[in-house]
Amino acid sequence: MKWVTFLLLLFISGSAFSRGVFRREAHKSEIAHRFKDLGEQHFKGLVLIAFSQYLQKCPYEEHIKLVQEVTDFAKTCVADENAENCDKSIHTLFGDKLCAIPKLRDNYGELADCCAKQEPERNECFLQHKDDNPNLPPFQRPEAEAMCTSFQENPTSFLGHYLHEVARRHPYFYAPELLYYAEKYNEVLTQCCTESDKAACLTPKLDAVKEKALVAAVRQRMKCSSMQRFGERAFKAWAVARMSQRFPNAEFAEITKLATDVTKINKECCHGDLLECADDRAELAKYMCENQATISSKLQACCDKPVLQKSQCLAEIEHDNIPADLPSIAADFVEDKEVCKNYAEAKDVFLGTFLYEYSRRHPDYSVSLLLRLAKKYEATLEKCCAEGDPPACYGTVLAEFQPLVEEPKNLVKTNCELYEKLGEYGFQNAVLVRYTQKAPQVSTPTLVEAARNLGRVGTKCCTLPEAQRLPCVEDYLSAILNRLCVLHEKTPVSEKVTKCCSGSLVERRPCFSALTVDETYVPKEFKAETFTFHSDICTLPDKEKQIKKQTALAELVKHKPKATEDQLKTVMGDFAQFVDKCCKAADKDNCFATEGPNLVARSKEALA
């Protein structure tokens, strides 16, 4: 991915961090330094998240003991930085704690082999054993009264359990952001637990926090995947495009500085350096608030908030207004006769400036699209600057962008129209059929999860103003497809999925969109037990009922990959009527037992 090399020269000139944010040499004890910077509450929360993300099976009580031991040790080092072991790196201290856990091999198998390694290999080994799909039961929210009682009796323990349960299910969750969501959780409970109808107050508010947190989890996993697979340069390119969209009035040097710092912070969190990551994120927020004049006119409201809220607010900040007097981008990058000379003399800066200039003019594009355009521009210059008449060759490059722009625009239009016609559940089913046909080898639970998440794009994005739809849709789809890739990589079963997941991150969504029905797939045999249901479905929450039905739908498609829309509609309609009828019957069990085989026979016949 040489097209992201533009940042090389700019790294040398440094950033806010190189001017003194990170001065490790000034601190004899890294852990004392982080404890003093973060404060005890945030320090303990981050240590709990770190242990929960590494050792995902350990109960809360065991992790809390480790957290207290690390906190007590940090306090010792704050009092005397020369005390024994205070000069050790945080990775060494944490790794030693993990490796001292009794029965580590019994509970975690090969992870125990990491303990034979030295740092930094030991930490790398721990990271490789993080499980994106741990075998943990779905998190069940307690009843409102019980939740409030537990919260009011011991708020610290209650919120600690929240951090533990989320972190161990999402081992790459952005740690300082998870602290923010715990803070929001605390606010909701503090407000609602004094209400007469606690459930009515809690449910919608906690649902909203949960939805935002789940989206944050998949977005951060994509960032870590990008870092792991393609390195820091690819991530920095993403950051330059995103920052240029948000802060179009900032100079290129400022944008590059911010992008470099954001990359460093994300690398730390993805690498398990949660204390450093959170500390540096707070420093970046401080820098941005001290330099509002050169960044954006929209920052002030964020800068008045406490540290966690400030950083989160800055991360979600609305785009600043685009300068009114921006010249045509063609002037410097197409019409200038010195384009090839400028490109050859400083490719890094020239391509970086192009990405910056194009991105600041297009807040209505997704970051993935902007990076595809930058890639196209570089490929054009590489080709044309080697020819006899370069200006004639690259003169049409901006027009050649049009097909790349139209493809995601058409995707948004088609899918939003389908969503408006079918609603969220119907749209999820359409996506499920589409992806089961593309990759029928993928496990049904994974397909159902992916389709349900992909299907939510309509609710999230299709109601937004036109200018916000494309970036919302494509950036959200990219994050969800990354989750599919992460799960598939663990147990690869589809060559098509492997191909899309192995290529460039910015080409991944178009790759999946272009997949067609897998002609090599041998249909599954029709098994009656797959479509046999019992009365327990009647008492399931609506979400669980939907998942049961969608599981059956995916299995139908695997049995008949080329089934028509009408065939599937007939079978699923028949199934819905069957469930509705038997759930209303006086003798539900008898109804399911007698009507079930008839349903199976009709379904088999309809799909013949």
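Any Cβ shown, glycine's included, is placed from N, Cα and C.
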Per Swiss-Prot, member of His42, His63, His91, His488 binding Zn(2+) alongside His271, Asp273: His91
Ca(2+) 1 site partner of Glu268, Asp273, Glu276 (as recorded in Swiss-Prot), chosen from Glu30, Glu519, Glu525, Glu529: Glu30
Phosphoserine: annotated position in Swiss-Prot, out of Ser18, Ser157, Ser443: Ser443
According to Swiss-Prot, the disulfide-paired cysteine of Cys125 among Cys114, Cys115: Cys114
Feature phosphothreonine, as given in Swiss-Prot - residue among Thr294, Thr520, Thr530, Thr570: Thr570
Disulphide bridge to Cys201 as given by Swiss-Prot, partner from Cys192, Cys193: Cys192
Of Asp37, Asp279 (the binding-site residues), the residue whose Cβ has the fewest other Cβ atoms within 10 Å: Asp37
Spatial neighbour of Cys393 (disulfide bond) that is closest, considering only the recorded positions Cys77, Cys193, Cys277, Ser297, Cys500 and their CA atoms: Cys500
Cα-proximity to Ser29 (phosphoserine), 10 Å cut-off, over recorded positions Asp37, Ser89, Cys99, Cys302, Cys461: Ser89
Coarse DSSP state, helix versus strand versus coil, of Ser29 (phosphoserine): coil
Cys193 (disulfide bond): secondary structure state under DSSP, collapsed to three categories: coil
Residues that sit under 8 angstroms from Cys99 (disulfide bond) by C-beta distance, when 6+ apart in the chain: Ala112, Cys114, Cys115
Cys472 (disulfide bond): nearby recorded positions from Asp279, Cys302, Cys462, Cys511, Cα cut-off 10 Å: Cys462
From Cys192, Ser297, Cys582: recorded positions whose CA lies within 10 A of Cys148 (disulfide bond): Cys192
